[in-house]
Structure formats: C-alpha cells, structure tokens
Amino acid sequence: MTKSIIPAKLNKTKDKLVLLDQTLLPEKEKYLELDQREDIWEAIKNLRVRGAPAIGIAAAFGLYVCLNQYQTDSVSELRKELKEISNYLATSRPTAVNLFWALKRMEKRFEAEASADKSVKAIKEALLEESNNILKEDQKMDQAIGEHALKLLKPGMGLLTHCNAGGLATSGYGTAEAPMYLGFDRGYDFKIYADETRPLLQGSRLTAFELNKAGLDVTVITDNMAAQVMKEGKIDAVLVGSDRIAANGDAANKIGTLGVAILAKEYQIPVYFLAPTSTIDLQTKTGADIEIELRDGEEIRNGFGRRTAPHSVKVYNPAFDVTPASYITAIITEKGIIKPPFKKGIKGLF
Ligand SMILES: CSC[C@@H](O)[C@@H](O)C(=O)COP(=O)(O)O
C-alpha cells in the first residue's frame, strides 16, 4: 500500500509549510501553505495539524521556513531568531512531547553547525536537512512499530482504537494504525472499531476517514459504546497512540483513553500503547508530571457549529488523560515491545 496523505511537509520551493487542514475532514481535503510563525502556531493550536509526531514534524519545518526568511550574516543573530521562533511555537500545545523534542533537535543541530564555524547559509541548509530527517525517520519508525505490534496480533482479531494515531498523525502509517495497515496488506482481515472520540471527533472524522479510504474494515462507535462492544466479545486488543510516555510507563493520550483502558482491564483485553521513542520523555518521571492541555469550553458548548449546551454553562475540557502503567499491557516503539516493569524497559531503550 502506498501512503497518499502526508499531513505536514514542505512545498516544492521549500519556502512554505504545507498542511492538510484536518479540521475540515472528512468533508474537504484542503491544503494550507504557511510561512508566517503566527499562522503556523495557529494551525497547531487549532488542530489543523495534530497528532504528536505530526505536530513535531510541522514545528520543525515551520521553524526552518520562518528562520530561512531571516536575512543576516551573523550566526549569533540567527541563533537569537531561532530561539524566538522556537520558544513561540513551543507555546502552541503543552502535552505532546514530540513538539518540544523536534524543536530541541533543530536547536541542537544549529549548535553543532555553529560550533563547526559554518556560515549562516550552511546552517540554514543543515536545518532543512534536519527537518527532512525528522520526517523520514518518522516514516521508518511507523513501519518498525507496525512490524513489532503485528507479532502480538492474530488474523481476524477485533481491534479498538481511540482518537487518531494513523497516517494523519504521522508522516507514515501512524503508530496504533501501522499494524492495521501492515495486517491489511498481509490478509489479516482485522475488524477495526474506531471510537468517535468526543469532543473533536478525531476517531470518526479522521481514523474512519483514512482507514475507510484505504479499504480497511472499520466501524465507528460512540465513546460510550466501548463497554458494550467489549462485553459482546468483539474486541481482542486495544491499540492506541500516545502524546507523552513518562519514565515509569504512565502514558498520556486523547481524553477517553483512560476509560477505555479501565474497561479493557475488566474484560481482560490487552491494551497496547504504540509510539516512537520521541514520545518517551525521561524528564517526566510519572504521569502526574504531564501537563494536560485544557481547551476552550466552546468546543463542547458549540461543537461543530451547533449549540449543544447553554452558552453560559461552565465546561471542563481537558484534551488528554493519563493511563497509569498498571493498565498497560505493553508499550511498542520502533525499537521493540516493552512489557512491565516499564521503568526498566524504558531506561534500556536510551
Ligand atoms: C500517533 S498520534 C498519538 C496521539 O497524538 C493521538 O492519539 C492523540 O491523542 C492526538 O490528539 P490531538 O488532540 O488530535 O492532537
């Protein structure tokens, strides 16, 4: 299968960040071409590009595009500008660690080139290369994650996923969806259930869109149907992505993942978190240290342009939750499958 959608890339002349506007899916496939930091920040903040790895890729390309416009012969002036753009983009969303990881990686490359006395022009070229490397490595990681995960799955299984951890969230086949695509190519005939994923419907708008388009067997359920579907014996494994995995294995993902994991424990269904190692943050000791993004109440009071709650009512809208490591059967990265105790396994990865 060839992948047709890349959510974040550069245009041909490499002076604009091209994003598929995911807020318009599944109705419209519209690409945005951005070269202003405020527009790139807005696109990340408002989920035009979303999903942890894709946010990192967009930020790396965005940083390059903005920095490349800056005219100077001075490396220290360029450094100042890079830090300004990077710090600004880093304020767009707080939970997915891939955003900070990608920006730090660009800064590290800058410093490596600067300390080798490279010119401004050479440094800019190196940053272009680095952002491309981030994209290409992500594609390879997805493939490897999928291959490892497939070892845990059997043909004909029912798989439940939450949110979108597919091609729209990465530059490749996704993380949680990578084994679904690989299995499809190899005749595994998985029955995939996609949680609708309130309030922004990444499951029904995005996961169902891309799996359906690629011909996989996908069924949408609303979030509150997961228990019933599990009770009916339709689910053999839960596969989800992650926005940040702490050093002890606690994992943040889209709001509602914790509930799915708790239900799965009750029904003795394995819960797999699939993510590249760039999603693991050793600086975050436990899930309690993960900042959970709080989003505007209007997403719930006035979802998709229809008033669904009184306009003055209070709303609490955390965008992510943290599943404690004790609810996770395995964490699958490009480097292999980690089983509990996660602390030791995660440490061994780095
Ligand atoms: C491979 S993507 C993993 C996660 O980033 C994904 O499951 C998720 O929670 C995305 O949330 P979103 O708010 O749509 O960016």
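Keep in mind that glycine also has a Cβ here, set from the backbone N, Cα and C atoms.
Those TrEMBL annotations? Automatic predictions, nothing curated.
Quick look at what TrEMBL lists:
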ACT_SITE  ASP243  active site, proton donor
BINDING   ARG50, GLY51, ALA52, ARG93, GLN202, ASN253, LYS254  substrate binding site
SITE      CYS163  site 'Transition state stabilizer'
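Positions of TrEMBL features highlighted on the structure.
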residue	record	DSSP (3 states)
ARG50	substrate binding site	coil
ARG93	substrate binding site	coil
CYS163	site 'Transition state stabilizer'	coil
GLN202	substrate binding site	helix
ASP243	active site, proton donor	coil
ASN253	substrate binding site	strand
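ASP243 (active site, proton donor) is 10 Å away from ARG50 (substrate binding site) when you measure Cα to Cα.
Farthest C-alpha pair in the substrate-binding residues ARG50, GLY51, ALA52, ARG93, GLN202, ASN253, LYS254: 17 Å apart.
Proximity of the recorded positions (ARG50, ARG93, ASP243) to ligand 1: a Cβ under 6 Å from the molecule is found for ARG50, ASP243. Here the C-alpha separation of LYS254 (substrate binding site) and the residue listed as 'active site, proton donor' works out to 8 Å. Note: the CA-CA distance between CYS163 (site 'Transition state stabilizer') and GLY51 (substrate binding site) rounds to 9 Å.
Counting Cβ atoms from all protein chains shown, LYS254 (substrate binding site) has 27 others lying within 10 Å of its own Cβ.
The CA atom of ASP243 (active site, proton donor) is located 8 Å away from the CA atom of GLY51 (substrate binding site).
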